[in-house]
Structure formats: C-alpha cells, structure tokens
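This report refers to the structure that appears directly beneath it.
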Amino acid sequence: MEEEESLEGIISIDESLITSRLSQILDDVLDDRSSSHSVEKLKDVAVKYLQFCQFQPTLLDKLLSKYVPNLASYLLKVKNIGKCNSITVILYQFCKIRGYKAVRVLFPVGVQYIKELYTLLNESSNNTWHFHYIVLLWLSQALNTPFPLNSLDDSLDVKKTIYTIAIKYLENSGIDKEASCLVLSRLFSRDDGLDLLLGFLHHCESSWFKRSIFYKIGCLFSLSSFLKICPRNDCLQTVDVAFQFLNVAREDLVGQENSALRKLLCKCYTRLGIVLLPVNSSPNWKYSISNPDSFFQLPDDSNEEVHIYLEVIVDFLLSSVSDIDSFVRWSAAKGLAKIISRLPWNLAEQVIDAIIELMTENMFLNPIENTVNISITSPLVWHGAILFFAKLAGAGLIKYSKCLHILPLIEVGLSYEVRYGTRVTGQSIRDASCYFVWSFYHCYSKSAIEGLQTNLILCLLQTVLFDNEINVRRAATAALFEVIGRHASIPDGLSLISHINYVSVTDISNCYGDLCMKVAHFPQFRSCVFQRLFTNLQHWDVKVQQLSAFSLRQLSIKYPKELSIYLPPILDYLSVGNADFIFGYTIGLASIIGGFLSISFPFDINRIHDLLSHKNLLSLKKFSRQQQTKIILGILKGIQQIFANDIRVDRAFFSEAFSVIIAAIDLQEETIIKDISDAYSVLVKFDDMEETLEVLLDYIRKCSTSKEARIVYIILQNLPNISFRYQKKICKLLLDIYPQLHSIDYQAPVANALQNIIPFTYEKTESIEEFVKELLQVCSNYLTDTRGDVGSWIRKPAMKAISSLLVKDSSGKKLSEDIVWCCISYIIRQTFDKIDSLRGLAYQALEQIRVHYLIRRCEALTNIINRIRNNPNMDGEVLNELNISLLEIPNLRLQAFYGITVFTADGFGSDLAVKCFEFYLSYVYQLEDSFKKSNSRYGKRDLLQLYIDILSSEDEIARFYFPIMKSFTSLLAYGCFTDFQNVKGMSKAIFIVQRRALTCKSPGGLSAILELYRTLFLSKNELLRHHALKYTANLLLNPIEKVRYQAADTLLYAKSIGLLTFLPNELNQKLLTLDWFVPVSQNATFVKQLRNIIQKQIDKLIADR
C-alpha cells in the first residue's frame, strides 16, 4: 500500500522521478544480498512503474543502456530460479515498451556468451516463456560475433546444436517462437550457416502440409528475417530453393484463412524480389526536388532484363493488394513500391497501369451529370491500390503522365462510400486517400504539381468538413496542413487553417455548422461547400441529410443570391423515384426557403407548390410503406421550416400542407408522431378559420380504436398557446373519451393534452367546474404493470394542470371553495407519492398556488408552504414534520392520512419512508384518547375510527387498502390503541377484511391480513381474539401453499401465547403434525372441526355478554 501511494505521488509530481525510482529498484535487484522473495516484490513494483512509460517509451533510453547489460550478465551467474524469473520479466517489459530491436543491441556480445546461452537453454530447468524469450533474443544478438562457430567447442557441432535448440520453438504459439526465428535468421546469415538454411528450406518444403499453423508462421518469419539481414551475394545462392519453398507455401494458402501467413508470404516475396534487383539495376528516373523537370521527363525504354522469378513475385503482390485483411494489403502495397523503386521505368509503368486497371474495373462515368458510379467496385482493391500509390508518392516514384490518371482516382477515393445492405464500406479508402495527399505534397515541390492541385484540394477540404468518421476528418486535416504548409500558393490557405484543427473537426455538428460558415466565407471555397452539401442531401443516412439541411439554412441566410441558383435543379429532383433523394431534397429545399423567408429575401412561395404534392408521389406503387413514411417525414420537416416564419400564404397552399398532416396521421407510424405534432403546431397559427381543429375532432370521433386516435391526442397535447374557439369542445371531447380508453399508452397522451388545454379553457369559459371535476377523476390513476407505476404518467400532467388552474383561479375566482379544496387535496396527496420526481413536483405546485385566496386564509397551510420554500434542499426531517402537520388541517386531513399511511405502510422500505413512519408514530403517541385533552384537533379515537371506516369499506382499491391495513397493524403492534378499542367497529372491520381475503389472490395481501390477525391475538378483548382465530383458520384452506403455511404458523403462535387452551388434545396434536403443503382437500376435515370449536367459543362469549 505504501508503494502504491508513493507511486501515485511520483506520477503527480514529475515523470523524471519515475526513472530515478526505477534506477533504485534495479540497483536493489542486482544486489547479491537481496533474497528471492524481495527481488520478486521489487520486480512487481518495477513493472508498475514501467507501465507509466508506455506513452513515453524514450524515458527508458538512459536506463536501458546502463541496466540491460548488467541485468543480462547477472542472469548468467544467478542460480536461483525465482531471481532468474524476476530479471527476465523486467527485461521482457523493456522489450515490450521500448521494442525488442532497441533492447537487443544492448545485450553484451562476445564469443564466450554463445556457449553459455545455448547451454543455459539446454540445461536450465526454468520453463517460463519469458526466460526462453530473453535468452533466445540475447543469443540472436550474440551470433553476430565474427568468429567461426566450430572454434567454440571441438567436441560439439555448435551450429547444429543451436539449430536444434531454436527449431523446437517453432511449434510454440507464444512470443518465444519469435525470438527463436531471430536466432535462426542470424544463424543462417553467417558465412558458415548457409548450408543450414538450404537444409531447413528443404525440410520445411517436404513436411509443409503436415505442420501446424504455428510452425508455418515460424518458418516464414525466419526466412523473411534472413532475407532482410543477409548480404545480397549470399542470398543469391539460395534464391532457387527459397523461391521453390515459397511457391509451396503459396499453394497452401488456398482455403487458408490465416492472415499472418499471407502477410509473411508478402514479406518473403518482396524481400526475395529486392534481392533479385540490385539497387543500380534501373536508371535514375525518380523525382528529385533539386531537379523539378524530372517530374515531367520520361526516360528511354530500357532493354535490361529482369529475373524470371520477378514476374511471379509481382503477380502475387498484385493479387495480395486486394486481400481481405488490411495489414496484408498494406504489406503488399509496401512490397510493390519497393520493387518498383528498383525496376526500369518501362516495367514500373506496367505495374502502375495494372493497378490503375484494377481500380477502374466496374467503375462507370455518367457523362450527363459528370459523376462516377463506384457502386460495384471492390473496396478492397481500392484500399490496397491507394496505399500503393501513397508509398510511390512518398518515394517520388510517380511521373506527371501517371498523375493525370491517379489524381482523379484519389479525388473519388476522398469521398468513396459504398453501401451493401446495412453495411457501409469506404472509411479505410478515404483515410488512405488522405495519406496519399499527405505523401504527395510532402515529396513533390510546389512548381512541379501546381497545375494539378485545384480539384484535389477542394475534394480534400470537403472531406475535412463533411466526412462521417472522425479519424478520416483528422487525417484529412493533417493532409491539409501539409498542403498549405509546403505550398503557400493556395489562396487564403493560412487563414483557412487558422479555423481548422484537430479539435474543431472532432464534432461533426461543428463541422456542418461553425466551420462550414467560416470556410464558405472564402469565395474560392464556397462553391465546393455548396456542391458537397447538395450531394449529401442524397445520402442514405438521415443524420447526414439533416445536418446538410441545417447547414444550407445557415448559408441561405448569409448567401441567399448564390444559393437561389440551385433551387430549380432541386425542384427537378423531387420527381425522381428514390425515397432517400426525395426526403433529402425536400428538407434541403425547405431549409433554404426557410432561410430566405427569415431574412425577407424576395421569393415566390408558390414556386414550391410541388414540395407539398405528396399525393402524386405516394400513389406510386413502387414505394413501400417505409419509403412513404420517409417521404412524408421530409415534407413534415419542410412544413416546420417554412411555416415557422411570418409569411403570407394562399388558402390552397395552406390546405395542401394540412393534407400532408392528415396523410401522415393515416400512416399510423409511431416514428413520425413528434414530427406530425411539431408540423401542426407551426401550421395551426395560420388557421384563422380554425377549420383544421374541427377536422381533427371529427377524425377522433370517426376512429374505431383508440390506437388510431393516439396521434391526434399527441397533436392536441402540443398545441401552442393561441386563441381557439374550440378549446371547450376539445376539453369536453377528451374528458368523454378518457374513460373509454383501457390502456395507459392511450390515456397518457389525453392527460398531456388536457394539461395544456384546460388552463386555456379556464380563460374562455365560465362553466369550468364540470371539467375540473372530471379532471380530478382522471388524475387518480395508480395503475402498475411490468413497467412500474405507469399511473404516474397521468398523475404528473394532471397535477401540472391543476396547479395552473389554481394559479389562474387566484384572480379569476371561477371555482367553488369545495372544488378548490379538492384540487389542493390532490396536490397534498402527491407530496406522499413514492416517486421522487412527483413529490418534488407536488412541492413546487404548493409553492405556485400559495397565492390563492383560500390558502392565504388558511394560516396552517400557509406556514407549511413557507417552510417548504425555506427548505430548498428538501431536508427529509423537515418535510416529514410538515407532512404530519397536514393532518391537522380539516379540509386536507383525509388526503394527508391516505398519503402518509400508503407511503409508510408498516414502517419498512426506503430511508424516507422509515423516517416518515417514525414521525407519524410519534404524532400518534402524543394524541390523547380524547381530543379535548390533547393539543391536536383530533384524538386517538378519531384516528382509530378513520382506520375502521377505511378497513370496513368494500369499495376501497387494493393499492390503498393493504398499505393502510399494514399501517393499522403496525400501530396496534406498537400499542397505540391498547387502552381502548371500538369492539363493534373492529369486528365489522375484520369481517370485511375476511371477505377480502376470500377473493384476494395476492400472497402479499393475504400475508398482510394474517399479520393483522396475529396482532389482534394480543388484544385485550377476548371476542376480537376469537374472531381473529376463526378467520385465520379459514385461510388454512387457501389454494396458495405459502399462505396456508403462514396461517398454520399464525395459529401456532396463538397456541404459544395460550389462546388455544380450549382445543381438545387430538386437535392440538394434529395442528402440530399436519403437512400444509399437501392438497387442500386432505386437511379439510380438520379445518372444519377447528372452525366449529372456535365458533362455539365465540357464541359462548356473545351469550355471556
């Protein structure tokens, strides 16, 4: 723990302290006095420190040069396996973070180490992979020693020994195989090791198809490493054998899904091809920045012949350029570029032409629109080919004549996107195209490519602004920086990149918004921005279409004249048979027009009548329901854009817009309900005659099901606050319809509509009370289902409506006092709701209605509301105290009682419910038996009578009945009503409870009833005790096993406290031994006998009285 705390402190102070702490730890590791256990602990701490160097691996450079040789030397002399493992783990972490190439060269090299290392591998009992990895890595470096291996030990063939040791690791799947491949490649590259290579290749070729995939990867990795480090003249001696082996491996690729094999095969073929082509085999035809003319000059054809194997190698790499795995394509592209760099120009040109031909296969040009169709091209080919071109550009291997063919393809690649069903490809191609642009401008001078760059820069800028992928936008930004930084000829380039950076392109909304406006400020870039936005209106992604429409609206406000030119072509596109196009161009056109109207730009609104001519579009049978929905959605969004402005439209145009809304309602699509509502909310402001409302009301009346009318309810719920003549009619219709709805999903929109309409209706009519009474009936919804308390979907808007009414009534005074107190009582009831948001809303409502004249007359309620206002943090104890105080207000007492008892029930549950019950219990304790002896308006007898009245009610809904019963049971158990009991009233109450028990199917409700009976066993009244015994016995025949078991347990409790002494011994014995989990019929006789005996006792008690 102390190490972890100090580590955290070091990270927060200075990174340099990490290296100093690591240095101390490594010194302790190298100390001979350190035990194996302490070294292992130090290793764990060192690894933790090393993890923090992963993002800055160069921090380790000073440590590596000092400690790698020391740790390696210490590894040879240490005998303890634990210490050995700790050292190799630290060395492996160095390799992992800094790279094995940087660590390997630091191992001590000498002829004496070779024998020690292979002996250590042979004789050591250490089987950990990191030990073998480090020793093999060191051995691969030690083999650089320029001495014949046979001179090390006359008794052994050292080469064979090392070869045998290394070859056995090729079957492993771990990282130690990689180190063994490095050993083999170093061994083969020695002057005295070529014979081993030939034997290795022959052996691999003969047994290739029998070997595991790990062995094959090891063989190819060994060969590729050998071809990389071995001198060319030595490699030429093995070309035939290596080529034959690679052909065998290539044949094995058929049906092979392992991408690592294909990548290694690309590497091997590439390095073999480089061996076959000397550096000076071709004239110097590459571009040189010191000779700009070299970009345009073509060298004379060369008659120089190349090796016959090269054709096979190039053919394989060309096929690998379109491999299914990206890193295989990348390896093939790099390999081809390296080979081309050594080919004569006439041969290099053939390879480049072959790649261009692969790209243009299945690509078609539309001469009318001057666009390219790439829908059936291969994205794999395009990605590999562009990576190949990028490597050529970075090396200066592209001539002017080829640029004329390649750059148009790169321009297409910058916006390449093809959709296959639900899958979209093209992200990697656009990213590779940005890499090409970066490489091209990084290598070539301004004077060389100045005439080629115009379209390329515009396409790049479009990618920066409008690409969907953040990594592509950032890659395009990097390329743009390279273009402008190296080629200052671009107009306003520096001003442009002052707005564009890696952070600003992170948010795509910012790209379409702020950045788009800033780029469009430069006239030379404005046209390309417009064109790409209009192209994006055809995009399949709705989000892209909407962002483009938003951007066009912003631009239409600032550049109305330039954008007005594009309107006629857009209107033509509305007649095409593509739903995506129609949707995009509809919202785009509406956004532009909305921008024009917002700045009063002169525009004839009737020119876009076709925008609302949905009937002609939707009548076409080729549109599916989903496509029709999308077209309607586009028109709805267009209505929102156009009618959101203060414009004058003729009646025909308005009627056409309203017919779109009716058509959208008829579709009955849930996904566009909000858009229908929003469109009508802006359209209704132009309905001076208010005819549309009458149409909607008729639509509701004609609907055969509530599902069909649900959309209209939602429309009415979102109506704006404007003058309507139909408010009273709407209100009446909704209140009449509500009782007929049997699903909360349809009731909730009606309640929300009433929330908005009833307060407006208050201002327009004098007879508002009938609506308020019906609203109070609507709002008492406590329905629950699998989604939880869905009744809150009704109570919340109803409470908002009631609070708005009371605020208006504070000055209007249209409501009677009884109705007002009912409304206040409803809000009071919600202050005890179990949903936190509803309770908070109820407290807010109380604060809003405090201005009502009736509340101002009630000093107690006013004080409560003021204390709530002074308690903005809603402190639990204060609120509970205030809630209990509501019981003292006569007009609110019943609702407060319901709220408290239902919320707290038996005093268990949430912390808030427990606290509230404690306050309620203390309130009951302080009540006297008679209110005349108490500070309260009410006494315990009054409270007891209230409980009895509710428990005696057969109409009370179960949601309230059982929590109130639990509350009553808890108060009885706490002895609140011990000194007096209304026997007659209690007897009636528990009789009604018993009747409920006979019809109750809820185990929770029956359990609450049995708890009440158990509590009554402690009553001082003997008659009540026997009634409770009888009713408990009745539940012994309940069909629910759990209830029967609890009833039997309750009777056993009665027996334990001496209430069943009158039972015969036989029945007492049966009560103890009967199985209550068997079918009911088996115990029916016993239960009947038990009930009869208890009834006789009851009759006797009544007779005695």
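Yeah, the Cβs are placed from backbone N, Cα and C, and that goes for glycine too.
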- Query: From ASN122, ASN280, pick the one Swiss-Prot annotates as N-linked glycosylation site?
  - Reply: ASN122
- Message: In the three-state scheme derived from DSSP, which category covers ASN373 (N-linked glycosylation site)?
- Response: strand
- Query: Looking at the glycosylation sites ASN373, ASN883, ASN1083, whose Cα is closest in space to that of ASN122 (N-linked glycosylation site)?
  - Reply: ASN373
- Task: Please name which of the glycosylation sites listed here, ASN126, ASN883, ASN1083, is nearest in space to ASN373 (N-linked glycosylation site), Cα against Cα.
- Result: ASN126
- When the number of other CB atoms within 10 A of each residue's CB is tallied over all shown chains, which of the glycosylation sites ASN122, ASN373, ASN883, ASN1083 has the maximum? ASN883
- Taking the Cβ of ASN126 (N-linked glycosylation site) as the centre, how many other Cβ atoms fall within a 10 Å radius? 15
- Query: Rounded to the nearest angstrom, how far is the Cα of ASN1083 (N-linked glycosylation site) from the Cα of ASN126 (N-linked glycosylation site)?
  - Reply: 74
